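Quick notes on the structure that follows.
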2 protein chains.
Amino acid sequence: MAKSLHLTAFMRPVSLHTGAWRYPGAYADANFNFQHLKSFAQKLEAAKFDAFFMADHLAVLNMSVEALKRSHTVTSFEPFTLLSALAGVTEKIGLAATASTTYDEPYHIARRFASLDHISGGRAAWNIVTTSNPDAARNFGHDEHAEHGERYKRAREFYDVVTGLWDSFADDAFIRDQESGIFFDPEKMHVLNHKGDELSVRGPLNIARPVQGWPVIVQAGQSEPGRQLAAETAEVVFCAPRDIAGAKTLYADIKGRMAAAGRDRDHLKILPAAFIVLGETVEEAKAKRAQLDSLVHYDSAIASLSIALGHDASGFDPDGPLPETPETNASKSGRAQLLKLAEEEKLTVRQLAQRYGGYSGLAFVGTPKTVADEMEAWLAQEAADGFTVVFPFLPQGLDDVTQKLVPELQGRGLFRRDYEGATLREHFGLPRPANRFFS
Amino acid sequence: MAKSLHLTAFMRPVSLHTGAWRYPGAYADANFNFQHLKSFAQKLEAAKFDAFFMADHLAVLNMSVEALKRSHTVTSFEPFTLLSALAGVTEKIGLAATASTTYDEPYHIARRFASLDHISGGRAAWNIVTTSNPDAARNFGHDEHAEHGERYKRAREFYDVVTGLWDSFADDAFIRDQESGIFFDPEKMHVLNHKGDELSVRGPLNIARPVQGWPVIVQAGQSEPGRQLAAETAEVVFCAPRDIAGAKTLYADIKGRMAAAGRDRDHLKILPAAFIVLGETVEEAKAKRAQLDSLVHYDSAIASLSIALGHDASGFDPDGPLPETPETNASKSGRAQLLKLAEEEKLTVRQLAQRYGGYSGLAFVGTPKTVADEMEAWLAQEAADGFTVVFPFLPQGLDDVTQKLVPELQGRGLFRRDYEGATLREHFGLPRPANRFFS
């Protein structure tokens, strides 16, 4: 096939949608039940997804008690343990773990990803995050959260150290000659001896070079330093444009920065997050989403809406249209998006609040054909190299995508019918990095 | 059955013995090959072992290049990733991970063990180590290794924080009432707000209380602060006595300290490490060990022997008996043990060096009957509650134990014929800890 899509699944065990655990048929216990996660990963592998991508947080999310008690985000599996367990029960699908450069040590991170890559036969990916949740700081001995620029400075150096540790051994260092008794060639071991502004790490790593050379590098930052870090280092970008116009701008910007950094633009895949709701008809898909949104509790929803509008919405008539409110210093583009949404879909205050409180990002809602049309357009117009799929509810939303949308995409030659390689790099068509210390 | 043994397997993928990777039939690639580890864990589970126990280091071990290039310790899997992968392919066997209190954060440690416990259905154990290898310090940004007392002070507080984080939620906090939309009862969530001398951690942990309440607590320390920490906190002690007399003294000391700390002495299982070599006859077992020891390279072996004797042994006749050497400040009891061993077994310098360089701890070498006799005596004389089994070489040494020794122990009523419970606590007969914040 010529140009085709890459698809990863962005997973929280229950879904990212706030109301999903209440949807009919949902696994409300998915945050405690590995068997559900195993079934999700195996279904995604059967559908030939590039990767299973585990979202993560380093704290219970900061929200009001009223919202928190309704939120399934309060408990979840930890990514390394979950993805390693999934490595044991899958064979081909990539396994992407979120890991923070702000609250962990490069030696641990390098070692865990290398180990996951060896265990899975070359299927690991590292989603580099700098952790923007200030509550995380207090779980790691800090009163104050490091500011944005400082976090990105450490992240850049952290990346250099981790990739340097992965290169501790040449690929052919381990001779394992039982006759002579030589296990490895010490000339092919490099001691990093890194001493930088933020980090001091001696090395070598106590694990052989990963199967993929380096696990695939993923990043989500859309800020100025985030884009630059991605252009210099990332191989997959997970982003959240609101529409195709915004996506095209972001795509061109990051690929342009890559060229400036001397990198081949095909060596980074841009995969916007897309919330996908499918129905037999567009109306049925919209009705499913409306039903899902209706499961978001009004008290939590209206609190989120008030913050987004920069105006207390709790006194509004829930069943009336959104009243005029004065513009404030609250996020202007977010507010404009809300007003547009309320007008276009003729949503009541309640519906708007529940939509916003449920999942506020890019959504493709329609039939397998209409959603495939949208995906095809994004690919053709260089708005995306594929998508980071967000399921509205599980297992049904995942089954809809794997059983209905994927065959539609395969029929159009837009998605693989089988894995062609064994490693995640091969699924993405990414080169295996050279070892910086050994040629 | 009345009093019976507990057995765990202390694993490095290739074995702890330096020469094991060269033994006929050994999996020299076990440090890279998850399929071998999977087969080991499944065989140990079929033999009803209590737990698979993953040894660990946070650095390439410090040794001469000549020794290092012959050592399979230079690469291995990381414990959390390996044990989580094994959780996916086993059902009953416990999974014990070594994790350091000196070079990690309590929030990460609490979370990973809780996650492993949920994924495995209550089979996780934490081997608390303070990391005595000074090279580890330099991999984590420190020039100097923290001194022993300081490490144990932090370890004790770290344990309090981790167990406190595990108690963040009452066992019945998660209502998950899809109808009302209440996911959990916020009255049943505790914010730890720990501020101590060494650590400051807010909490709550973002994962439900582990299946076992707390994963099983394992410790290996035999120093004065190590014994005290074990008596106060441990549920399994992994120790390395040289003989039954030393073991009885250690056993009585730790169980006595437990009583002083107000704990039930049955709530801690003492499991000395035992290197087990089996043969059809005692002579055959001894010959296997001699063959294994002969695979330790003489240069590495003689260097270890020189350190242990406190005297340069490189000029000795390798094939002659150990010459008289003056006593020095080198470890006196270790030196005495060596001299005794050389005399008793009439070992040449080469054989002694290879024995010492291969595996220097307690060994049971004999037939399934003679080894079962020794184990039975240790159990009866309160020298042990079971053993942490060290295999001389794999897979054969593991197959010998599971297929020959275990049936012998089962026949004597000294070891379970099947698992009676589902969790590791149940295998060990340990109580499920109460939640300190919710009764």
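Cβ atoms here come from the backbone N, Cα and C positions, even for glycine.
Unlike curated records, TrEMBL annotations are generated automatically.
These features come from TrEMBL:
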DOMAIN    A:26-379  domain 'Luciferase-like'
BINDING   A:Asp56, A:Thr98, A:His148, A:Tyr152, A:Ser223  FMN binding site
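Locations of recorded TrEMBL features on the structure.
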residue	record	contacts (Cβ under 8 Å, 6+ apart)
A:Asp56	FMN binding site	A:Ser76, A:Glu78, A:Pro79, A:Ala97, A:Thr98, A:Ala99, A:Val129
A:His148	FMN binding site	A:Thr130, A:Ser132, A:Ser223, A:Pro225
A:Tyr152	FMN binding site	A:Thr130, A:Gly221, A:Pro225, A:Gly226, A:Leu229
When you tally the Cβ atoms that lie within 10 Å of each candidate's Cβ, which of the binding-site residues (A:Thr98, A:Ser223) has the highest tally?
A:Thr98
By the DSSP assignment reduced to helix, strand and coil, which category contains A:His148 (FMN binding site)?
helix
Using DSSP and collapsing to three states, where does A:Asp56 (FMN binding site) fall: helix, strand or coil?
coil
What span in Å does the FMN site cover, taken as the longest CA to CA distance among A:Asp56, A:Thr98, A:His148, A:Tyr152, A:Ser223?
19
